[in-house]
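Feature annotations, courtesy of Swiss-Prot:
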{"type": "MOD_RES", "residues": "2", "note": "N-acetylalanine"}
{"type": "DOMAIN", "residues": "14-56", "note": "domain 'JmjN'"}
{"type": "BINDING", "residues": "132, 198, 206, 241", "note": "2-oxoglutarate binding site"}
{"type": "DOMAIN", "residues": "142-308", "note": "domain 'JmjC'"}
{"type": "BINDING", "residues": "188, 190, 276", "note": "Fe cation binding site"}
{"type": "REGION", "residues": "354-384", "note": "region 'Disordered'"}
{"type": "COMPBIAS", "residues": "368-382", "note": "compositional bias 'Acidic residues'"}
{"type": "REGION", "residues": "434-489", "note": "region 'Disordered'"}
{"type": "COMPBIAS", "residues": "460-472", "note": "compositional bias 'Basic and acidic residues'"}
{"type": "COMPBIAS", "residues": "473-482", "note": "compositional bias 'Acidic residues'"}
{"type": "REGION", "residues": "502-537", "note": "region 'Disordered'"}
{"type": "COMPBIAS", "residues": "509-525", "note": "compositional bias 'Low complexity'"}
{"type": "COMPBIAS", "residues": "528-537", "note": "compositional bias 'Polar residues'"}
{"type": "REGION", "residues": "549-573", "note": "region 'Disordered'"}
{"type": "REGION", "residues": "590-643", "note": "region 'Disordered'"}
{"type": "COMPBIAS", "residues": "593-608", "note": "compositional bias 'Basic residues'"}
{"type": "COMPBIAS", "residues": "615-634", "note": "compositional bias 'Acidic residues'"}
{"type": "ZN_FING", "residues": "709-767", "note": "zinc finger"}
{"type": "ZN_FING", "residues": "772-805", "note": "zinc finger"}
{"type": "ZN_FING", "residues": "828-885", "note": "zinc finger"}
{"type": "DOMAIN", "residues": "897-954", "note": "domain 'Tudor 1'"}
C-alpha cells in the first residue's frame, strides 16, 4: 500500500474537495475518503460544503456574545523571522470587537490582489499590534444541524470524554475565534498532533500556510537553528505558538510549503503533524476543534510535548491503544513499542476507497466506522448531567499569554499613535520606537524585510529552488553608512541604545597638541614615537567622528605637537581625512558583498585594535601596583593571576590553565562560556576549577553547548548554515587536545576535520608558532584562539559572544573578521579588569537586560561566573550580569539557607502583603503527587484526598498504583500514584499575633535578595500596627515664606479675613 499511496498527491499540494450533500453527511467517512486521495500529504486540505448546507440561519444575534480574554499580538523581529507575544486585554463583546476591527486604525488596507495584501502583511507585521478574540468557548451551530457539527463530530477522540468524563476546552469542545486584519496564528502542529477542523462562519478570508508532515522535521530544525535559546528551554517550543517564519525564509532554505485562502463558508482540515500558520484578512469569525482517526493513534503515542509547562494539553493514549491496538498494548506499556511513522499512508478507514479506486459511493456493507465506536458516548447526552470541569488541573488549548510584558517593550509599541498610511507600506526600516523586545547588540540598524514577495504558484519548484540574493538590501541607506556608529553621540537605533560610555564626550576640534603635549617627554626616539602614536589614536578617532556627523570636512585646528629630535612628523588633517574616506568606503563595500566568503581586510590605521598595538610598546612591562596585587586574591581571579595580558607572557601558566579547564565538563575551551548557565539550570558541571570531573582522557566525546547559529549569525544576516560540521548523529563531537598548549576543544567548535583529529594535532596558534600572541578582544590569556584581521588573534569564545564578529569560513571557524565591530564598543570598560589594568583594552559585551550598561570582556565574564546562554535570532548570546541574576532561579536550585525556630524572616500575610515575622515552629507535612488519567497532574494532594484507600492508616500507595482522588470540585477522578513528598513547613507569627503555616519557597531570610514582586509589596507593620505611631518625634517645619504683594496689584489685594466676610 505504501507504493500505492505515494502515487497519490506526490507533490503534496493542498487539495480542495466539493462533496455532495449525500457525501457530506458522514464526517468520519469523508475524512477517510480525502485521505484516500492523498490530501493528508500536504498537511492541510479545504472542503467546500454543499450550497444548501448552512450551520446557522443568521449571525445578527451574536453581538452581545462576550469575548472573555482578547489578546493583543505584539510581534518583534525582522527579515522574515518573528516572535509573537500575546498580551491579554479586558473582556469585550462581539459588537465592540467589530467596531475596533473596522476602525481606521485596525481595518484592512486597500489592495488590488491577494499577493499585494500578503506583502503588506509581512512588511507591517511588527507595526500596530492587532487584537485577536481567540479561544472563546462555545459554538455558533444551531442545535438541529448534524452534518459536520464541530460540537459533535463523533470521532474516536470522543472516547476521552466517554471513558474518563474529561473535557479539554478547545480540543474536544469547540472554540470560537474572532479575528481582524493582521491577527496571526504562528507555526504549530495541533496538541498531541491531532487532526483539526476550522470553519469560517462569516467575514473576511483567512490565509493558511502549510508544510507537509513528511518535511515537518526540517521546519523544526530551521526553527531550532534560529531560536536555539527557546529550543534549549523546551524541545517542543513551537507548541507555544510564538514563532512566525515567512514563506520567503522557507523558500530560501528549501522547505516545501503550500498556501491557500479560506473564504467564508469553507472548512479547513489539518492533519497529524502538519505544521501550519496563517493570518486573517479582516474582521471574521471561525470555529474549530480537534478530532482523531485511527491513523492518529501512532502520532499521539510519539508526540513530543511541551516540557516547560506542566498544564499543557496531554491526552492519555492508554484507552486508544487498548481499544484499537490490543496486540501491541503490553509492548507499549513496557516501552518497547517502536514504530516508524509513514506520513504517506492514509488512515486504515480509507481501505474501502483504495480497494475499488473509485469515487465516494454510499456504503453498502456493515464495515465498522469510528462513529459506531463512540455512538454510546452520545447516548443520553441530553439526559445525563455532565461531569464538571476541574479547571485547576485540566489543560486547555489556549494561546500562550505573556504574564509579564517584557520591560523593553514600551507603551508606545502596544498602542502606537497612528497606523502606517497606505503610502508608507513600502518602508524598509522599522521606526526607532518599535525595537525588538530584546535590544540589539549590534551597531547595524534593524531593517524590515524589504524583499519582493516571490511567486509560489508552483510548490514543486519551491522544494529545490535556492534564492541567490536573499540578503538585506540597503541601497537606500547610502546617505547614512554604518560609520554612524563611530559618532560618540550614538543614537539608540544605530547601536540599540546599549553602548554606554563612561568617559565624557571629546570635542572634534581638539588638537594633537592638547592630547599629547607632554613636557617631560624623553629625548629617545622610542618614547617620542609612542607619543606620536598616542596623538594619532585620539585625533584619528575624533576626525572620523566629525565625518560620521556629516560635517563634510575634517575638524579645524592645527596640530601642535612639539617635535623632539628624532620624533616623526605629526599626521596632517588631510591624511586623517583620507583614512576616514578609505574606512567609509571599505564599510560600504563590505556591506554590499556576500557576508560569509569575503576575504579579510586590513583594519584601518585609526582602528582601536591598531592604535592599541601602536601604544602598547611602553606598556608591555606594565606591573600591578600593591593595591592591584591585593585584588588578585578574589576567588574568581586568583587562578588567573599569571594570565592577565599586562603581565609578561607565561606559556607554562597558559598550559597549566588549559589542562585544568580540559578536566571540567564540558571539556571544551569554547563551550565554557555557557558553563555557568548549565551549572545553574541543570546542575551538570562542577563549581570550581579544583573540582575535576571525569578525567579528560576518558572523555572522548561530549555534546557541544554552543548551537551552530552562534557561529553563523552576523547581526542582520539570515544566512544560517543548517549543516553542523563534525557532529555525530547523536549530537556529540570529538574532543581534541593541542599537544603543545594542551587546550581542549570540540572538533565542531574549533573546526577540526576528522582527518586531523589525532594526538599530534596542534591548535592554529601553536601551528603558526605565535605563542606570545594574545586575544585582541579581551585581557586574558589561555583558551582556544583563531587568526583574525592583520595577523591578530581572538578567542573563539570571544568571537562567538560578540555579535558583530564574523567567522569567514564557518566550517573551519576561522579566520575571524573583527572589522565590523562598532568602535564605541572598544570604549566600554570592563567591570572586572578595569582596576587591574592602567589602560582600556579589548572589546566588551554588555548585559542583555533592558538598557543595563554593565560591560565586561567575554573571558572576564566567563571566569567570574556571569551567566551567558544561547539566545534567539537575531541575537547570539543572552548575558545576565550579577545585578540582574534572578533570585528565584537561585532559590529553585537548592541555594536556600536553613531556617531555625525563633529566626526573623519575611513572609506573606493574609492581607496579601509581605511583613517581617518570626518562625515559631517547624513541622513536616507529606504531600502526594499523582498523574490523572487525562494527562494532567497534581503534586500537592493531602493523604486524605486519596479515597480509594486510607492513606493515613496504611501509608502511601505503591508507585504506579491506580488510585481515586477527590478533587476540589467534589468529583472523584482516576489517577496513578507517583510519589510522596515530605515538605518542611514553617509556622510563622506576625506582629498582629496572626499565624500562618507556609512552605520554604514562601519564606525569605533577612539576608536573601528579595524578588521585585516581594519588594514592591513589603511593609513594616501588620493590620495598622505601625512602629512608634504615637511616640514619633514631631517634625519641625519652617514657617511658610511670607508672600510679597506685587506693587502693581497692591490696590486690588483683599485680606483673606475680609474676603471671607464678604463671601459670607
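Counting begins at 1 with the first residue displayed.
Any Cβ shown, glycine's included, is placed from N, Cα and C.
In this structure, the C-alpha atom of residue 206 (2-oxoglutarate binding site) lies 13 angstrom from that of residue 276 (Fe cation binding site). Here the Cβ of residue 190 (Fe cation binding site) has 26 other Cβ atoms within 10 Å, regardless of which shown protein chain they belong to.
Per-class residue totals from DSSP over the domain 'JmjN' (14-56), listed helix then strand then coil: 18 helix, 7 strand, 18 coil. In this structure the alpha carbons, written CA, of residue 132 (2-oxoglutarate binding site) and residue 276 (Fe cation binding site) are 18 Å apart.
Remote same-chain partners of the domain 'JmjN' (14-56), defined as residues 6 or more beyond its termini with a Cβ less than 8 Å from a stretch Cβ, comprise 5, 8, 140-142, 145-149, 153-155, 195, 199, 201, 208, 210-214, 216, 258-260, 262, 265-276, 291, 293, 295, 343-344, 346-347, 349-350, 352-354, 360, 362-363, 369-371. Apart from the site residues 132, 198, 206, 241, the chain places the Cβ of 134, 177, 179, 183, 184, 185, 278, 280, 286, 288 no farther than 8 Å from the centroid of the site's Cβ atoms, the recorded 2-oxoglutarate location. Separating the Cα atoms of residue 276 (Fe cation binding site) and residue 241 (2-oxoglutarate binding site) is a whole-number distance of 10 Å. Highlighted in sequence order, 185, 187, 189, 196, 270, 274, 275, 277 have their Cβ within 8 Å of the centre of the Cβ atoms of 188, 190, 276, the residues recorded for Fe cation, and are not part of that set.
Residue 241 (2-oxoglutarate binding site) is 10 Å away from residue 190 (Fe cation binding site) when you measure Cα to Cα.
Mapped onto DSSP helix, strand and coil, the zinc finger (772-805) counts 9 helix, 9 strand, 16 coil. Note on residue 198 (2-oxoglutarate binding site): other Cβ atoms within 10 Å of its Cβ, all shown chains, come to 23.
DSSP assigns residue 190 (Fe cation binding site) to coil in the three-state reduction, placing it in neither a helix nor a strand.
Looking only at the zinc finger (828-885), the predicted model's pLDDT averages out at 86. Note on residue 132 (2-oxoglutarate binding site): other Cβ atoms within 10 Å of its Cβ, all shown chains, come to 24. Rounded to a whole value, the Cα-Cα separation of residue 198 (2-oxoglutarate binding site) and residue 188 (Fe cation binding site) is 15 Å. The sparsest Cβ neighbourhood within 10 Å, among the listed binding-site residues (206, 241, 276), is found at 241.
Residue 188 (Fe cation binding site) counts 18 other C-beta atoms within 10 Å of its own C-beta, drawing on all protein chains shown.
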